[in-house]
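Residues annotated as Mg(2+) binding site in Swiss-Prot, with sequence analysis given as evidence: Asn7, Glu380. Taken from Swiss-Prot, the feature ATP binding site applies to Lys14, His203, Leu204, Gly205, Asn206, Gly207, Asp277, Met278, Arg279, Gly325, Ile326, Gly327, Glu328, His329. Marked as substrate binding site by Swiss-Prot: Arg86. Residues annotated as active site, proton donor/acceptor in Swiss-Prot: Asp143. Per Swiss-Prot, the feature site 'Transition state stabilizer' maps to His175, Arg236.
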Amino acid sequence: MKVLVLNAGSSSLKCQYFIDEESIASVTIERIGEKESYTLLTYANEKREHTSTVKNHHDAIDTLFSLLKESHIITDVTELNAVGHRIVHGGPHFSRPTLINTEVIEQIRSLIPLAPLHNPSNLEGIEVIAKVYPALKQVAVFDTAFHQTMPEYAARYPLPYDLYEEAHVRRYGFHGTSHAYVAKEAAKILQQPLETLNLITLHLGNGASATAIKKGRSIDTSMGMTPLEGLMMGSRSGDIDPAIIPYLVRTQKIDVETIDSMLNKESGLKGVCGNNDMREIIDKMDEGDEKSRLALEMYVYRIKKYIGAYSATLGHVDALVFTGGIGEHAALVREMVCEGMEYTFGIILEKKKNDSAKQEASAIHSRESRTDILVIPTDEELEIVRQTEVIVSRLS
């Protein structure tokens, strides 16, 4: 099956082209709407880049398909079986991948207040393709869908009940496509059906989230109504006392919009040590920088708290899974997270295995560990392809 995976951002368009679940080519278009837009095509181990003027997402879609045809990657759009779209927020409506039609488009539009930075761009990509190539099947894959299996007591906030009914205030969770992918890969590695496994998955990148998976289903996750809740992240605060916000409004004369921007873009690792690149933070810590040390210790401590909470919730944990840019590449972070968990949780990391874990799935626990510890590179695009194929296959 030939599937194009599309991720439309506010000023960018990223796509990957798959044939039978094998990635063939990728195209990235950045700085859409600016005088000089940047386009990168990666195909057959070669990279072609150039600058041009891409005025809007309509132009970007035209550029994308022109590149694919000019490079003889496809001969015509009609040979595609479907386009799979990454949609950040599915709200309470979507718990699975969905074939896109007019009704689905309007439901995604209604969710813009829940994801004002992402859903409008995601929607624009859908609408441009629907207009230019109306016969091309499109499937929406939602970042929030995997977490729709959370029980009510985990998904609700202890706020007035009316806020849920009137404003849909509840926990939705994010990174669902990544957590779903690595959970399935963990089941393959463990040679057990996913429905029998209890897992804690840690997606650690610039954005970070933890998920408790019981018998293959998400029962809790660290991100909430927005991706701001939960773990300390690259530039997002994660969990804080909500009373800090009105306190800052009163005492520092900062408006809510400024605080919102601060919590999302100037907090987390960046807020504590001025840097959100974990490699540089570790290097500076080794050079004796105390703010970098503090930032890393805070980062690890908060991950440990979630592992402890989720271990109690799950009862027993078959595997702890690290993924995402930091989870896959920062051996020191993995070591610090697992340190001290031997007695209570039976989590014992083997340093040699951990230090040598590179670009492929690896088991990094010792023989004595009661819990498997896995490093699994995530592949959200492949997961979107697989979910898209399921929907399209049902139409045949």
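Counting starts with 1 at the first residue shown.
From the backbone N, Cα and C atoms, a Cβ is placed for every residue, glycine too.
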How big is the Cα-to-Cα gap, in Å, between Arg86 (substrate binding site) and Asn7 (Mg(2+) binding site)?
5
Cα of Ile326 (ATP binding site) to Cα of His175 (site 'Transition state stabilizer'): how many Å, rounded?
15
Determine, to the nearest whole angstrom, how far the Cα atom of Asp277 (ATP binding site) is from the Cα atom of Arg236 (site 'Transition state stabilizer').
13
Can you check which residues sit near Asn7 (Mg(2+) binding site), meaning Cβ under 8 Å from its Cβ, same chain, 6 or more apart in sequence, and list them in order?
Leu13, Lys14, Cys15, His85, Arg86, Asn122, Gly125
For Asp143 (active site, proton donor/acceptor), the one of His175, Leu204, Arg236, Glu328, Glu380 that lies nearest, given that the recorded positions are compared by Cα:
His175
Measuring CA to CA, name the entry from the recorded positions His175, Leu204, Arg236 that ends up nearest Glu380 (Mg(2+) binding site).
His175
Cα distance, His175 (site 'Transition state stabilizer') to Leu204 (ATP binding site), nearest Å?
10
Using a 10 Å cut-off on CB atoms, tell me which of the recorded positions Lys14, Arg86, His175, Arg236 is the least crowded.
Lys14
